[in-house]
Amino acid sequence: MMNIPNIENCDLHGKAVLLRVDFNIPIKNGKVHDATRVLRSLPTIRHLVNAGAKVIIISHFGRPRAKDNNLSLKNVVKTLSQLLNKEVKFVDDCIGKKVQKVVNAIAIRDVILLENLRFYKEEEQNDANFAKQLASLADVYVNDAFSCSHRAHASISRITEFLPSYAGFCLQDELRYLEKAVSFEAKPITAIVGGAKISTKIKMLIRLAEKVDYLVLGGAIANNFLLFNKVNIGKSFFQNGVDSLLHDVVKIADKNNCKIVIPEDVLIAVNSDYSTCILRKTESVLDNDVILDIGPQTLSTISSIVASSKALLWNGPIGVFEHSAFANGTIEVMKVVSDSTHKGKLTSVIGGGDSLSAINAAGLTDKDFTYVSTGGGAFLSWLSGDKMPGIAALQSMLN
């Protein structure tokens, strides 16, 4: 696994530990709707508590332009306290004398949560002075926010210049499973890539085409490949000006014996009228058709590939699963992946912005797969081989 400093063998007794997590979670009317990211942070928090540390938790939430009560992390405190089975005190700021006073007063094994980091514009500016003020609160820094580690923000990368810095358990798990999935020795390895904008995923597609045996494409990304193959896609969504990029993906896939799998049949709506749902062969798509899901023949092909695979990576939905008439492809493939995982035949790693929603739509949970990543953009960045400032900053601790 990637060599980064971790907290397991650190003497943290009596030390103030600044723990960066990602509590940017769905909240409606002040109530947490999906606590997955909070749950993922618990092993690290419990380890710090048991080690006798003073735990100071920091996170961002949403994209505030200024202080906004609707984007306050106070909305997370109750859920965190309940899941941790321990009182968590909330502080309505993240830097300054008031925060320092609270930190000075906390005892070992206490846990406090500071206010939204993004209430200060300096967080996203990777401002050194802001990072230094955060660092002044603690003796040690721990990054447990893989899902933010692709960003060069003050609490992710700059802060490591001022404190001894380590990786938490969630971040380590993310890296371990992602590395395992793309370097799996047993074959075949399959990647499923869906979603809308192909330009944001080209680097990932090229990297995957070098490593996997099957590259299964869905969503608007598949539309682009159909169009590239001179297949009419009607009024379906696609991205212009990417043919040269698609050519690169195809060329690299051919060189590495990677089979690109695109739909053979599709479910369409006419003129984006979602109340119509018609099955067509891809070569029979009409000018007013909008492709919104895969058809049964494509589903059968993908299911057979998954059933024969030893490892699988999945990023992005296969169809417009938010609409029940066009959710079948995503849901049924999810179920096949889950079934193969439960039988011990498949190592499955799933990630990306819509992953948890798609898993929920299939009536499944993250326990039905080997690993479900908390990262959206970070998952994409890692698979694309991009430098991740948060990870690079931790690696620099070893130099």
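Including glycine, each Cβ sits where the backbone N, Cα and C put it.
Long-range Cβ proximity for H60 (substrate binding site), meaning a same-chain Cβ under 8 A and a gap of 6 or more residues, is found for D22, N24, N116, L117, R118, E123, C148, H153, S155. DSSP classifies H60 (substrate binding site) as coil under the three-state reduction. Annotation source Swiss-Prot lists substrate binding site at D22, F23, N24, R37, H60, F61, G62, R63, R118, R151.
Secondary structure from DSSP puts G352 (ATP binding site) in coil. Feature annotation from Swiss-Prot assigns ATP binding site to K201, E322, G352, G353, D354, S355.
Proximity of D354 (ATP binding site) to non-local residues of its own chain (separation of 6 or more, Cβ distance below 8 Å) is seen for G195, G316, P317, F321, given in sequence order.
Cα spacing between E322 (ATP binding site) and G62 (substrate binding site): 22 Å, rounded to the nearest whole number. Distance from the CA of G62 (substrate binding site) to the CA of G352 (ATP binding site) is 17 Å. Ranking the binding-site residues G62, G352 by other CB atoms within 10 A of the CB puts G62 at the bottom.
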